[in-house]
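The block underneath contains the structure these notes are about, expressed in structure tokens.
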Amino acid sequence: MSMYGRDPWGGPLEIHAADSATDDDRSRNLQDYDRAALSRPLDETQQSWLLGPREQKKKKYVDLGCIIVSRKIFLWTVGTLLVSGFLAGFITLIVKTVPHHHHSHAPPDNYTLALHKALMFFNAQRSGKLPRHNNVSWRGNSCLQDGKSDPSTVMKDLVGGYYDAGDAIKFNFPASFAMTMLSWSVIEYSAKYEAAGELNHVKDIIKWGADYFLKTFNSSADTIDRIAAQVGVGDTSGGSTTPNDHYCWMRPEDIDYDRPVYECHSCSDLAAEMAAALASASIVFKDNKAYSQKLVHGARTLFKFSRDQRGRYSAGGSDAALFYNSSSYWDEFVWGGAWLYYATGNSSYLQLATTPGLAKHAGAFWGGPDYGVLSWDNKLAGAQVLLSRLRLFLSPGYPYEEILRTFHNQTSIIMCSYLPVFSSFNRTKGGLIQLNHGRPQPLQYVVNAAFLAAVYSDYLDAADTPGWYCGPNFYSTDVLRDFSRTQIDYILGKNPKKMSYIVGFGNHYPKHVHHRGVSIPKNKIKYNCKGGWRWRDSSKPNPNTLVGAMVAGPDRHDGFHDVRTNYNYTEPTLAGNAGLVAALVALSGDGSAKIDKNTIFSAVPPMFPTAPPPPAPWKP
């Protein structure tokens with residue numbers, strides 16, 4: 001039996017009753033047909049007819065337009081970026097909202113802190129028209145008629161420079177030594193000055209002094225016959241009541257009395273020391289070629305004058321002899337010659353500085369109680385260290401080697417004399433070395449020795465030399481630095497008085513400094529010559545603070561009297577503070593900054609040692 005129906009596609013639909021089978025049989029038959037149909041490849045259209053709609057497969061790649069990347073890599077990348085962004089934002093939110101402490105650099109050491117203050121003393125000592133950045137509130141323009149007020153002098157413009165101490169006298173001899181010491185410290189430790197933020201400041205201080213020295217002689221000439229050695233006078237002997245810089249007690253800004261100028265015509269010591277000051281400054285300012293050459297020319301002129309016109313500047317009972325008497329000029333010849341050699345590279349200066357006869361006259365080959373003591377009067381110890389530097393780093397050989405080796409050996413002996421195990425110099429119970437053998441005003445000598453020991457130890461370190469011998473005993477460079485530290489630490493307050501001898505440093509320091517400007521209030525009242533005596537004799541602390549001034553120091557028993565009228569305890573000086581600055585910068589920092597080995601040799605040509613003369617012919 002069959003039934004006919006209409007086929008939806010247009011044909012008859014035949015259904016055979018005989019074919020009625022169970023659903024399970026029909027399903028099995030269809031599966032057989034499916035396998036048979038799939039045994040040959042079908043295109044997508046055919047598959048859709050047979051299988052109907054099918055599920056889309058996920059693509060393995062992502063088309064980004066310019067590049068096709070793996071879907072897995074793409075998803076990982078996007079996910080990583082999202083997570084990183086979330087974490088960064090979360091961390092930023094925490095950092096900004098949660099309180100936290102600022103971790104700054106380690107605080108400056110005591111030597112650096114004291115250095116800042118010690119340099120300020122020079123600002124307070126400036127004479128003339130002050131620069132805007134002088135930063136000393138109680139100071140003003142002063143002594144603007146220096147030179148003009150003395151009809152006897154040829155140099156009419158002597159405005160500027162520095163007042164020496166607690167008075168208003170300008171002594172070129174100690175002032176030029178002070179500038180030389182500052183320049184030496186800058187040449188060796190410019191990196192330390194830079195780290196302390198004081199390099200420009202100390203260079204300004206040196207330039208202020210050098211510019212004044214150039215006014216005190218005909219600096220444009222090759223040959224001169226005079227130098228202005230001093231402005232102002234301090235002699236009050238014989239009960240003189242003539243107003244001068246020692247008899248009167250006045251602020252420099254109020255000075256109205258005549259200030260005479262002292263000229264010298266045979267002053268080898270002064271001229272050679274001024275030559276050293278200008279020559280060393282020329283190295284400091286070597287990057288300013290025109291100014292450096294101007295300084296070198298002035299130094300050459302001065303040194304020629306010192307050699308041509310022999311004599312001590314303080315001879316003949318001059319005013320300078322009362323305060324800064326020079327004992328000899330031979331040490332200045334060695335010192336000045338060494339600095340001019342470094343500034344010019346001219347070997348004639350080295351030949352002079354290493355002449356054995358000159359060194360003999362300077363006292364290089366004999367001891368004496370003051371041997372090894374560097375001061376404004378005697379520069380031999382400094383010259384020997386300076387020339388030992390030449391041997392350590394350049395080793396010029398013949399014909400200089402023998403005398404340079406002698407200077408080097410003498411320097412070693414000087415360093416030995418500073419050590420406590422030797423008896424060359426006594427020490428106070430508090431540990432202060434007595435380089436001036438118990439006489440007053442000891443600190444100016446101590447700071448110079450501290451600088452020499454520190455810089456020489458740095459020379460040895462830079463030359464990869466671990467130490468030096470004192471007789472059969474070997475001492476490391478650390479011993480020298482320990483000497484320097486203990487002496488400077490004493491000055492900074494580690495002493496029986498528990499007092500800092502630098503004004504403004506620490507909590508306990510001298511309040512009655514012997515100094516006219518600092519002891520008189522700046523209150524728009526002009527106190528005349530004798531009117532200021534009330535402030536000199538007052539027992540009250542100074543109304544102004546002379547920041548950074550190193551006073552003269554304690555006595556040989558570690559005693560100190562903070563009394564304004566006793567200058568042997570409470571008066572500071574330019575030369576003393578210059579040595580202090582040099583020692584402080586040498587000890588400052590964390591030890592990472594070393595000396596500048598090469599700058600001092602910038603003008604020195606390559607050295608090719610001369611062959612020594614052949615031996616004498618052999619005779620049977």
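Note that Cβ sites are derived from N, Cα and C of the backbone, with glycine treated the same way.
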Practice problem: Quick one: sort out which of 73-95, 165-187 is the transmembrane segment according to TrEMBL. | Solution: 73-95
Self-check item: Position of peak Cβ density within 10 Å, selected from the active-site residues Asp562, Glu571
Solution: Glu571
Quiz item: Counting only residues 6+ apart in the same chain, whose Cβ is under 8 Å from the Cβ of His514 (active site)?
Solution: Ala165, Gly166, Val551, Arg564, Thr565, Asn566, Tyr567, Thr570, Glu571
Self-check item: Predicted model, mean pLDDT over the domain 'Glycoside hydrolase family 9' (111-584)
Solution: 96
